[in-house]
Amino acid sequence: QNEEKWDFVLVSDIHEMGSEKEIKRKKFLDELNKKGFTIKKIEDTKLFYGVRAPQHIFWKYQCFLANTNSRQQNSSANQDIPVTTRIRVVHFILQNTVTSDLEKLHDLMKKKVFEAAFPLHKNEEIRQILKKNWARWRVMFKEQPIEEIRCYFGEKVALYFAWLGWYTYLLIFAALAGVATVAAGATVYSSSQVSKEICDANDTIMCPLCDQNCSFWVLSDTCTYAKVTHMIDNEATVVFAMFMAIWATVFLELWKRQRATVATDWDLYGWDEEEEELALHLINNSQHEPQPYQHSYIRSTIVLILALLMITVLIGIAHALVIYRAVAMALFMQSEASLLSKHADTIAVMTGAVLHYLTIIIMTKVNWHVALFLCKLEKPRTFSQRENNFTVKIFIFQFFTNFSSLIYIAFFLGRVSGHPGHYVRIAGHWRLEECHPSGCITDLFIQMAVIMVLKQTISNIMEYLVPWISHQLRKKQKSPRKRSMMLGEEEEAEDPCKRQWLYNYELNEVNVFSLFNEYLEIVIQYSFTTIFVAAFPLAPLLALINNVIEIHMDAIKMMRLRRRMVPRKAKDIGIWLQVLEAIGILAVIGNGLVIAITSDFIPVQVYKYMYSPCARENHTSMDCSTGYINNSLSVFHIRDFESHTKVFPEFNGVQIKTCRYRDYRNADDYTYTVQFWHIFAARLAFLILFEHVALCVKLIAAWYIPDVPQKVKNIILKEKHSNLQNELSMTEYSTEV
């Protein structure tokens, strides 16, 4: 039974005898033989080579570990090597074995000498436990078996699921706060003074929304829209944005504690990735020379310039979406179909959001290739360094892809479009869109809702369906041929390895980025959940629902649809922690800006305390925001329209002389009023105050919650003490002798 334990399987096409590919394959297998590897060949429609490493390799590995980590010395001197360690060491040696032609396995796979190399899913007891308690939809709300995941997939995968589980658990609190915020808004759905004024404004004539054949319109037409806006945009939102800034900090601080506990339990506290890599290199080749650290300012400058160019392209795409919305708005307004012309603004926003989602999908693929190319330019020293460099680049590109359009809607929409009689135009023709009279925040809400819902539903369906369908297809391709082989060669069909190897070969292949993709998806989702959460308080709820499904979908993919991942050691989630901390700071800035600039919170407060009836006559009985809508609309004289603007001066049989538009400008020369500058100053003051308070609270929370629990510190302290005691007794003993 022991003889049938294979660490890795290499798969190759059946090449002609004497062909170049066959010679290269033989050279590679000979190199493995020289290192003492046992190789078993099984022939089917492909050639399968089972590979088992000699025991002395693992003894060397244990010696290295024992020297670097005295804690492991005591525990694992005469133990069996864990399967995850065997696979990791063998994978490293396979990847770094060089043939006489100076080719590695990676090069041979590019030249189609080998088709695949993978460790096996075996019918171990632990696999059955994971299938039963983790990779099923039934156990969706149970705790994950992290220890078993670690024993089967290694520490890196286990840490991903531990982190994702922790994030999902803490999302419950954020989701409840978000739902409470929306519920608080819903209670004032019809009673908000500002909404009431918009709904009662039957005689407030608004300026036309387009240049050609657009009529005037009455403010009360937008009653429902105003009610929805004030459901999102109220005082509760400010509190919620503050809460989310603190939540993001607490989440990360508590995760650091969790990670410290896990790392100690897994004997990884003193483990060093670089040391491990050097040890593996020396096991593979005792003559190995380490690659020195290098840094080139020229190379860094080139990478920086190219990265900035790419970001410029991504911002350009966001501009293209803006142009689309402006043109679409103009065309829908002039449309014959009443449905289109009546709801032109909402339809333009919705189709714009769908287009944005499509650009996200396309640009994700482009970003991927650009980030890989930039990484190659940098020539990183080790695999982990390459992974870190790649992570930072792809995250920055993905951030701009996902958020540049949202940033425009939040902070520029309606602020750069000019005013009646003097509009800013695209190519001198199309007017830029304006904000809705009840504020821009609903546009941001729609955009975020569409993107989050589409991203999570479509991405999850594709993420599960694509591997499932490709697995079914691979099975179909292999099955009939396999049976005919078995009929022809009875004695080979008996080989128990053959069925197991074929089953593993039929599964979908995994690559270095399989886990990286999962991280990236969740981190981008975390950005949506925190950065503009003031405009979309339901984001944490959507994220929570998504994550509960995501955990088990990932589990099913890893256990049932994909080949086994090569286990990797890790003591934390790596550079992702810094990325999450950066998002936490961006969240404070983003939410501060949304409340200060996008929301109507500040203009309403300024009106209440400086311009309302309350401020003038000290009324306590009436609502202080009475008269706000009339105050926030400026007057425009129709005679001042641009020459090429065609409007019908009659509206409902009445000759129109003036119309209203949303801005704070004087009626005679259209310059800004004093109130505009008051509001501008208040916005700045609020922004500075909000960000400083939120950042201070974040810092206090970070200081208040220690990164490493006392229990862990005490364990490490005791260990250091006992190690030094042992060394002391050893030296005393040797001096006595």
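Yeah, the Cβs are placed from backbone N, Cα and C, and that goes for glycine too.
Per TrEMBL, these features apply:
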DOMAIN    78-146  domain 'Anoctamin dimerisation'
DOMAIN    149-718  domain 'Anoctamin transmembrane'
TRANSMEM  157-186  transmembrane segment
TRANSMEM  236-255  transmembrane segment
TRANSMEM  302-327  transmembrane segment
TRANSMEM  347-374  transmembrane segment
TRANSMEM  394-413  transmembrane segment
TRANSMEM  523-552  transmembrane segment
TRANSMEM  573-597  transmembrane segment
TRANSMEM  680-705  transmembrane segment
Query raised in the report: For the transmembrane segment (523-552), which recorded stretch in the set 157-186, 236-255, 302-327, 394-413, 680-705 gives the largest number of Cβ pairs separated by under 8 Å?
Result: 157-186
Requested in this report: Would you mind listing the long-range same-chain contacts of the transmembrane segment (680-705), meaning Cβ under 8 Å and 6+ residues beyond its ends?
Outcome: 241-242, 245-246, 248-250, 253-254, 257, 584-585, 588-589, 591-593, 595-597, 602, 605-606
Query - Closest-packing stretch to the transmembrane segment (573-597), where packing means Cβ pairs under 8 Å, from 157-186, 236-255, 302-327, 394-413 - result: 236-255
Requested in this report: Could you put numbers on the helix, strand and coil content of the domain 'Anoctamin dimerisation' (78-146), residue by residue per DSSP?
Outcome: 33 helix, 3 strand, 33 coil
